[in-house]
Amino acid sequence: MAKNPLKVLVTGAAGQIGYALVPMIARGAMLGPDQPVIIHMLDISPAAEALNGVKMELVDASFPLLKGVVATTDVVEACNGVNIAVMVGGFPRKEGMERKDVMSKNVSIYKAQASALEKHAAPDCKVLVVANPANTNALILKEFAPSIPDKNITCLTRLDHNRALGQISEKLNVHVGDVKNVIIWGNHSSTQYPDANHATVNTVNGDKLVPDLVGDDKWLKTEFIATVQQRGAAIIKARKLSSALSAASSACDHIRDWVLGTPKGNWVSMGVYSDGSYGIPAGLIYSFPVTCDKGEWSIVQGLKIDEFSREKMDATAKELMEEKSLAYSCLN
Ligand code: NAD
Ligand code: LMR
């Protein structure tokens, strides 16, 4: 029997991530090849004409799974009954700007949109915040939408996770699909800690630990970490625009694994509401290794954390606590 369509909200849909993301959703990359979708696209009035152009293109592309498109500048209409909300709307970082510079513009948007989601989305709506500062925007959204369960509000660090897989695949000259279980700890910012201590590569002789295969602790502790941390900035420098196709693809990965489950033996990184696991202060949206099953994520427990990792995990938690107070000062 054909499934009922799911409603997917994309905010900032006239922007560059939105333009890459909506066709991926309409092709089934987010919710599966047998799941019909209705896409709700929200943007602000100055972008209304461009948004309508995106709607025209979605119609023109004749996607079999696409059962409807709403293109609107009305946040209530956009949020109405949505099952999945991908929050991309906001102001992107430009060359030379730190993420903190975009904070004051973006946190007030997330405060306002929290109440629209709370009142009008489906009660079990799953929320993914992409717009920067992603962790802190998600936290503000959570705090101003108290009736949405904590577990339903997440932010995107899957792009960083995928970047880490990509760097290891290039270093070891193996296919990226054979690398798994890297971890992004903390903030989607240059303080994030990309950790390959538990990552493995699938070889003809079974799974091998990445640190053993790399055999160069210095690379993993310096160049690898710095490259992943700075990849967003490197793309802005090269494109004069922030990442879009990789961000959109990673957003699909995030929701797909959350809804449909992570493959057995694999974990992924998601920015989720911290419960104090690994000594990270509760009440932050912090990126952890998670597995997903039946639409629920759980933090992978019991991983051994060495002193080097501990320091890096705490440094990015500290930045998130500072961002949280800065966000509140911007809202006051
Ligand atoms: P963009 O400027 O191309 O698009 C943003 C869109 O949001 C614009 O169309 C704008 O009109 C719209 N917008 C602004 N205020 C809005 C509001 N109140 N409601 C709805 N829409 C609104 O930017 P982009 O390149 O698509 O990036 C979007 C965001 O994603 C940025 O904050 C960027 O920094 C962030 N980003 C995050 C990641 C990640 O991994 N978490 C990766 C890349 C980019
Ligand atoms: C990215 O990681 O590509 C984006 O978050 C852009 C940025 O502001 O770093």
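Quick reminder: no glycine exception, Cβ is built from N, Cα and C everywhere.
Caution: TrEMBL annotation is automatic and unverified by curators.
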Given TrEMBL lists Gly12, Ala13, Ala14, Gly15, Gln16, Ile17, Gly18, Asp43, Val130, Ala131, Asn132 for NAD(+), the same-site residue among Asn80, Asn106, Asn162: Asn106
His188 (active site, proton acceptor): tally of other CB atoms within 10 A of its CB: 29
Of Gly12, Gly18, Arg93, Arg163, binding-site residues neighbouring ligand 2, Cβ under 6 A: Arg93
Candidates near ligand 1 among the recorded positions Gly12, Ala14, Gln16, Arg93, Arg163, His188, judged by a Cβ under 6 angstroms: Gly12, Ala14, Gln16, Arg93, His188
10 Å Cα neighbourhood of Asn106 (NAD(+) binding site): matching recorded positions from Arg93, Arg163, His188: none
Lowest local Cβ density among Gln16, Asn132, which the record lists as binding-site residues, within 10 Å: Gln16
Cβ neighbour count (within 10 Å, all chains shown) around Ala131 (NAD(+) binding site): 26
